[in-house]
Structure formats: structure tokens, C-alpha cells
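The transmembrane segment annotation in TrEMBL covers 43-64, 76-95, 110-131, 152-172, 192-211, 271-289, 318-339, 351-371, 610-630, 642-663. Look at TrEMBL and you will find 676-699 tagged as region 'Disordered'.
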Amino acid sequence: CSGFPLSVFFIVINEFCERFSYYGMRAVLVLYFKYFLHWDDNLATTIYHTFVALCYLTPILGAIIADSWLGKFKTIFYLSIVYTIGQAVLSVGSINDLTDHNRDGSPDNVALHIALSMIGLILIAFGTGGIKPCVSAFGGDQFEEDQEEQRSTFFSLFYLSVNAGSLISTIVTPNLRATECGIHTKQRCYPLAFGIPAILMAVSLIVFVLGSRMYKKVKPQGNVMLQVCKCIGFAIKNRFRHRSKEFPKREHWLDWASEKYDKRLIAQTKMVLKVLFLYIPLPMFWALFDQQGSRWTLQATAMNGDFGISVQPDQMQIVNPVLIVIMVPVVDSFIYPLIKKCKINFTPLRKITVGMFLASMAFVAAALLQVQIDKTSPVFPASGQTQIRLMNLGNVPATVQFQPQLQSVDVAPREATDYMIFKTSQLQSLNITSGSLKKTQSLEGLLGEKRYTFAFQEFGVDIASNLLFDNVTSKPEEGTNLIRFINSYILTANVTLDDKAVAVLPHLSASNYTTIPGGKRQHIINSTTPLSSCTIPSKKFGFGSAYTISVNSCTQDTLNVTYFEDIPPSSVHMAWQIPQYFLLTCGEVVFSVTGLEFSYSQAPSNMKSVLQAGWLLSVAVGNIIVLIVAGASKLSKQWAEYVLFASLLFVVCIIFAIMANFYTYVDPNEIEAQFDREEKEDKKGQEDREKEAEADSKM
């Protein structure tokens, strides 16, 4: 088809579906841990990075299986089946109704959901990692040697399909997650968010199998990684055997493998190890980079996602692939040529150093943003503390004195104070004075680490009051809002929200909190009493807020309400994450792209797969670093953890710059050409000797 083997189009479609499946699932994974499995931020981050690390460790296993035993086609086929099963198991594990027998909206057997989720993720890690090194190489195998131009175009299409799958899935699956679904109770639709990627993976497998008869299937020819490992192992073992001083030293420790392996392999291994030595500091970059899907996504949950439309926290990850598409041509076409014109020797290793520095600055930006988020976050009571807020629902000012002589507070009509913090053990009672009326309320028996609202209202010759327990001790999850109603009208009110019953409220009683979506949407509040029925559109609640709404009297069929802010909405906009994404993406462009190009330029042609394995291993180690820090860190503030990671990468950046300064660039092609010449000369010499021996025998 247009000079291309028809089989490669099946491979491109297969890759698009597989990348959609992987990145779509991964985009919502950390929020699934936090909000469905109810893990805290540190545990969610730890398991997320454990999974990502496993995804980058298994490619080495996949490459060995493909090159040594099964071949690329069978490896892709069998591991894709494993992959599809894993996605399906994860999707089933996220079905709330699976164990919600009492239909209260929460799974009754969380352990079963955790077990299914972990089994699914392990299967996915082996599947996606195992096929990662095989698919692109299998596509390259479909071309003849004289189709170099078509092969190059194929790889461009291949990586375009990778980015397209990633980009589209990062938009789609968070929206699927944000919808509500369920048989008995409506929940965030994780089964659909995981189910669509599972379906795409099944489609990927079917498409791949459909092209089976068209593929050129190269037989396994042995894995060079195993040869390199055996060569290194033999050199170490042989050196250890000959550690006595009576044996002369050799120029390089790998030369101890010369008894078993030829000079070419030893020389090639030396070049590879020289590059792999430079890989040692690289995992720290990936430790920061892959936190886009964990810490940065969790950071976005506490922010305002109003961009005209509601943007989900996990959708902010799309900024990275969008910026990649923009920045790669900009850097290649404008930035690098400009640096060259300024006569700056911007070597590949210097580019990698700059990439590390930019990633470090991205986390400084994330820390500064986190400080601003923390400033707007509500303060909740600590151990041994209780918070109390006063709410005056009457039309007369009041003065409240906390006993024993703790604090005196004036409260205006239809107003509420902020939450005040007291030591739980010191609270005894409070005295209210409203006009000529007085009342005393006991505060004994209040719980520590809890919030209360004391609502009161003058009522004839008395002061009516109610001490409300505010069972909210954190910001609402996922940018949703919480609202409850309190009836300040003298008659019992039947309150509905968007035509759904909330509660029947006697005077000064309050409903439970109701969860509503975040955003600019207005809701219809209705109050029906024995004398009237009236409605009013609500205010726009924003993201992550909690309100108590006082239901008052009616004026010409319009309900009068008063809003009391229990938890302020998130005021820091998600757009403020873009600077840190920009810095990290710029770092990725000069680090990742340059790193791969440098590695390939410094390694022999038959050793590219070894360096690819080393590169993927550095990503895995980077994720392991995150889970170690997240598990061991005693830092209570998230901004401090960001600063810690930024500092660690900055130190590593300096170390790498020093290492790079001592690196000497080589030309592997020239070295291999020299070996070719030597082998030709040896062969020619051998032929000459054989001819001489033959001539001598005839004489």
C-alpha cells in the first residue's frame, strides 16, 4: 500500500489502541486509589509508582523472551492476552455494586476490590512492559533492506499513534470517571473509565491477530543483552580467580573475558558500559517526571478547575503531551539553531544537564503553588482541640460568652463567626445575650478533633438554639461541594434540591450534607411549608466548598435563603499548574530526546537494545525512588516534599555535570570499521598462509 507493507498498518492501529488503553487507565489510577479504595495520599502514591516501576522493569524480560525463545509475534500475542485480562480484572474490581450488599454506596468487602485491582495491575504491568520493546521492532522487521525511507516514515507514524493514543485517552477517561453510574447507588464511574481501555486493548489484540498472515516473522536469533551479561559475568569471575599478584594486570577489567569472548564483543561492551555509567544519576529525573500522574494530580484536586467548562484534576496531565507536540519543533528549529549562532558548544550531555535543572525548577514552582493552596485550605482541629462556630439566625445582634471566661464574641443578625479553636477540656458552657433575652448552653461532652456549629434565634420570649455536629473534617473530595440546610422559619419545611427530597426540617433542625458536583451550575432549592411553597436558584458553589444554607421565609413565591460558608471553595486555579508543566516538559524535551540520541550515537549498532533496556531501567529506578521517599518521608507539608525532590535533583544535576565533563565522545562506527579491517587482514593472512602451506605440500 503506497510502497508500505500492508501489515504495518495493523501494527500502527494496534499500538494506538494499546497506548490509549495504558494511558487512559493510568490517568485515573491515583484518584481510584484515593477515592474508591480510600487510601491516603502517601499509600496511593506509593502503589502508583510501584506499578509504573514494574511497567518499566518487565520490558527487559519481554525482550529476552522475544529474542531467545518465542519470537516477537508470539511474545506480543501471548502478553497482549495477559494485558487484556488484566484490564478486565481491574475494571471488574472497580464495580462498587460487586460487594455493596446493603446498598449504602460503599463496598462491604474492600479487601476483594483491592485484591482484584492488584491482580489486574500486575497482569497489566507484565503485558504492557513485555510488549513494549517488541512492537516497534516487529514493525521494523516488515520492511526490506532497500525500504529505508518507508521504514523511517513508519516509525514517525508509529510514534504519532503513541502520542495520539496518550492524548485522546487522557481527555476521555477522566470524563468517563467523572460521570456517575451504578445499579443501586450512583458512584464515580471507574468501571467505565477502566472498561473502555479494556475494550480498546481487546480491539488491539484482535487487530494484531487479523494481520497475522501478512507479517514477516523473523525467528529468534538470541538476545545480545544476555551475551553482554555473560561477558561481564565471566570477566568478573575470571578476574576474581586471578586476583593474585603473580598474574599481570590488564588494561581494562573487561579484558579478563578475552579467554572466552572475542575482542569485538569486549570492545562493544566497554562502550556500552561507558554510557551506562552515565545513566546512574538519571533515575532522579524520572522520579520527578512521573509524579505528574500522582502528586501533581492530587495537588489539582484541591484547585479550581473552572476553564469555562469543568476540567477534572486528572485531565491536567494532558498539558504535557500538548506541550511536547509544540516544544519539540520549537526547540529543534529555533532554540538549538539560536544557541549554535551564539557559538555555544551545547553538547548532548550539557543538554541533559539543563533538562535536569529545568525539572528541578518545575518542582520549585510546584512547591510555591502548594504554599498558596495551603494558605486557602481550612484549618481543622488537632488532637485535644474542638472548633465551634456561632450562627445567629435571628434579626437581633447577640453576644456570646464562653465559660469559664474563655472568650466573648459579638454576632450580627443573619451572620456567623469563623470557626474558633478551643481546648476540648476547657469548654464548659456558653451564655447568650440577645436584646433582653438570655440563655445558657452546656458544652460538656463535646468531642476532640471535631467541629460544631451553635445555631440560635430569638423566638418570642425565649432563645431557640441547636448545637449541630459538623461531620466534615476535610475538603470535599474531587472538587465536589457539600451543602446542608437549616430551617430558620417557624414552621416545618420540606426541602428539596433539584426536585430531589433532602429532609423535612422542624424549626432550627439541620439536614445531613448533600454532595453536589463542582462548577458553575446553579441548583433549584424548594421549601414547602403548610402555608406556602417557594423556590430559588442557588448560588454557584465553585469547587471543594461546603455550605450551610438557612431556609427563611418566602416573599412572593421566592424563597429567602442565607448562605454560611463552612469550607471556602478552592480559589487557586488549576491554570497555575501550567508553569510547572511547562518547565518539566522543556526539561523532558532536552533530557529524554537528547538522552536517547546520545545513547544511540555512542553505542555499536548491535547494542542499541542494551542501551534501551538501561534507559527503561532508569525510569523504573526513578519510580522506586518516589515510593521510598513517599513511604519514608516524615515531612508533614507537601510543599516541603516538593522542595526535597527539587534539591535532590539539583544535587544530582551537579554530579552529572562533573561526570559529563570527563566523558570522551567516541565514534562506534569508526571502531567497528577498524575491527572489520583487522578481521579482513586476519582473514587475508590466514588465506595466504593456507596457500603457502598448500604450495609447500605440492612441492
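Glycine too: its Cβ is placed from the backbone N, Cα and C atoms.
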Which residues of the same chain, at least 6 past either end of the transmembrane segment (610-630), have a Cβ under 8 Å from a Cβ in it? 42, 45-46, 49-50, 52-57, 59-60, 63, 132-133, 224-225, 228, 272, 275-276, 279, 282-291, 294, 595-596, 599-600, 603, 641, 644-645
Decide whether the stretches the transmembrane segment (43-64) and the transmembrane segment (318-339) have at least 3 CB pairs under 8 angstroms, with pairs required to be 6 or more apart in sequence. no
Is it true that the transmembrane segment (351-371) and the transmembrane segment (76-95) have 3 or more Cβ pairs under 8 Å, skipping pairs fewer than 6 apart in sequence? no
Are there at least 3 C-beta pairs under 8 angstroms linking the transmembrane segment (271-289) and the transmembrane segment (642-663), leaving out pairs fewer than 6 apart in sequence? yes
Which sequence positions outside the transmembrane segment (318-339), separated from its termini by at least 6 residues, show Cβ-Cβ distances below 8 Å to it? 163, 166-167, 170-171, 292, 346, 577-578, 581-582, 584-586, 588-590, 593
Six or more residues out from either end of the transmembrane segment (76-95), which same-chain residues have a Cβ under 8 Å from its Cβ atoms? 18, 21, 25, 32, 36, 62, 66, 70, 112-117, 119-128, 130-131, 134-135, 138, 190-191, 193-195, 197-198, 201-202, 204-205, 208-209
So what's near the transmembrane segment (192-211) in sequence-distant terms, Cβ-Cβ under 8 Å and 6+ beyond its ends? 6-7, 9-11, 13-18, 20-22, 24-25, 28, 32, 76-77, 80-81, 83-84, 87-88, 90-91, 94, 169, 172-174, 176-177, 179, 181
